[in-house]
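Take a look at the structure below.
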Ligand SMILES: NC(=O)C1=CN([C@@H]2O[C@H](COP(=O)(O)OP(=O)(O)OC[C@H]3O[C@@H](n4cnc5c(N)ncnc54)[C@H](O)[C@@H]3O)[C@@H](O)[C@H]2O)C=CC1
Ligand SMILES: CC(=O)C(=O)O
Ligand SMILES: [Mg+2]
């Protein structure tokens, strides 16, 4: 904490740089670096992104660390310095692979090809890029965002062409305050930052996770009208625990195991100090941090900085709006919401974020006192990889503890610690089955058949895990097994289902993309110093009261 609170001092390298910058401008800004052949020095009048955007001078990841420092490029490239031979090898691997998505990616076989074309347009002409996106948002959101962005992140080391955003690595400790001045924009309104540790449901993708920050910011521009010159995607590369990436010679990130503990915190603290020093009014969205850090970092920064965690808080807002909408679709009054029995599969940042917020909404409807809060808590059954979470569990995760069921109570329900999802659904007969487990197909035939006995006339299935192949079930499975009256939502988009009797089974998308652009815009416009739970709650409730499904 002492690091976090310490007074901000200009690092010696920043002072060096500022002095260097002013003396350099007197010398008409000329600097030199070695050419791609490595023999002759090349004189350049440009610096920072202008060099990377100039095909004559750009060497991309082949700029050495000294050159990066000298040319104000530090932080504008992935941390690994590559030889020209490796750069060419990486390019050739990608060229020969052509489209990889037909086998395991989005159902659109051209999704990756479309992403490449859009990405090139993004590099060439931002105005046109965002016009294309805004005018065709339904068609291209699945390309720049989930599901295609998942495939893009998985293949980012191959797809990488022109850097976008900033990279801070564990090797930059002590330098970040200086590095933020390499970003050319005087004002930044929105930062989306990730450490790549849990990208969608695809696990640890290390430095390649920058793709998710870029995709989310595209939606900030397209959906909330944020100025594209004032957005900044950020990757904090603290290593990766993905063994495949650790061995891949073409990987662009640090090839060492993830930092942990105080060392990890020191890196994130330094990043937060640096960006809020240069842009005191910026909003920082934390994205796809593994649950272990998602909650801790949220607690650490939420009352000091203008920040929120999208997976914990944005997802919760969308789930509240969706489930209040489901009550309305069941033909019941809103006040019935606290009676809904909710089974949640997944107790990570998303699952626990959602149950916490749903519980608060229910408690507010029941009178907002302690007994309302207790009573709301009994509406949830949370199942993780080890089964139903109860107070009998050893080493229970502190974030999940408030939702651990009492042993005596579940005994009466015919359940026990670690009961399987199918057993829980059979015994509880829930109104809502919510999936945030990242396990594709978890809502098996058996689980869905058990849901047929739900006490609700219209049970809701929210298969919210991303990307498409991680969805807990498909809409076809939901409608065909549970029945035509199911209320279905998924994290990634699915097509509506023809139920064959003149009826359509509607697939709604339950994704935090419907909330985070509004959270950012609302915070900017209101000038709010922090982002409170109350603001998010109000956003979710406004959503359901003002949007008709
Ligand atoms: N639709 C949306 O807006 C959002 C969707 N998500 C999705 O939610 C998923 C989970 O994200 P996090 O919570 O951050 O991940 P996480 O990895 O922290 O949590 C996953 C949880 O699922 C549990 N789990 C694993 N196998 C299970 C099984 N067989 N049965 C029941 N539970 C099981 C794990 O024990 C863990 O509690 C990801 O796929 C992510 O894409 C996350 C945020 C927003
Ligand atoms: C949507 C989102 O934030 C996720 O799947 O992590
Ligand atoms: Mg996320």
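Glycine is treated like the rest: Cβ placed from N, Cα and C.
All TrEMBL annotations are machine predictions without curation.
Over in TrEMBL, the protein carries these features:
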type     : residues      : note
ACT_SITE : 145           : active site, proton donor
ACT_SITE : 216           : active site, proton acceptor
BINDING  : 198, 466, 511 : (S)-malate binding site
BINDING  : 287, 288, 311 : divalent metal cation binding site
DOMAIN   : 312-547       : domain 'Malic enzyme NAD-binding'
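466 are the recorded positions among 145, 198, 216, 466 whose C-beta comes within less than 6 Å of an atom of ligand 2, given in sequence order. Using a 10 Å Cβ-Cβ cutoff, residue 466 ((S)-malate binding site) registers 26 neighbours. Restricting the recorded positions 198, 216, 287, 288, 311, 511 to those with a CA within 10 Å of the CA of the residue listed as 'active site, proton donor' leaves 216, listed by sequence position. Proximity to ligand 3 (Cβ under 6 Å from any of its atoms) holds for none of the recorded positions 145, 198, 466.
With a cut-off of 6 Å between Cβ and the nearest atom of ligand 1, the binding-site residues 287, 311, 511 reduce to 311, 511. Taking a C-beta cut-off of under 8 Å and a sequence gap of six or more, residue 198 ((S)-malate binding site) has these contacts in its own chain: 204, 288, 289, 290, 291, 348, 349. Listed in chain order, the extra residues whose Cβ falls within 8 Å of the Cβ center of the divalent metal cation site residues 287, 288, 311 are 194, 198, 199, 212, 286, 289, 294, 309, 310, 349. A 10 Å cutoff on Cβ-Cβ distances gives residue 216 (active site, proton acceptor) a total of 27 other Cβ atoms nearby, all chains included.
When the CA atoms are compared, no binding-site residues among the candidates 311, 466, 511 lie within 10 A of residue 216 (active site, proton acceptor). Of all Cβ atoms in the protein chains displayed, 28 besides its own lie within 10 Å of the Cβ of residue 287 (divalent metal cation binding site).
Recorded residues residue 466 ((S)-malate binding site) and residue 287 (divalent metal cation binding site) have their alpha carbons 14 Å apart, per Cα-Cα distance. Each residue contributes its Cα atom, and for residue 311 (divalent metal cation binding site) and residue 511 ((S)-malate binding site) these two points are 10 Å apart. Counting every protein chain shown, 27 other Cβ atoms lie within 10 Å of the Cβ of residue 311 (divalent metal cation binding site). A separation of roughly 13 Å, to the nearest angstrom, links the Cα atoms of residue 287 (divalent metal cation binding site) and residue 511 ((S)-malate binding site). Less than 8 angstroms from the CB of residue 511 ((S)-malate binding site) sit 146, 318, 464, 466, 491, 492, each of them six or more residues away in the same chain.
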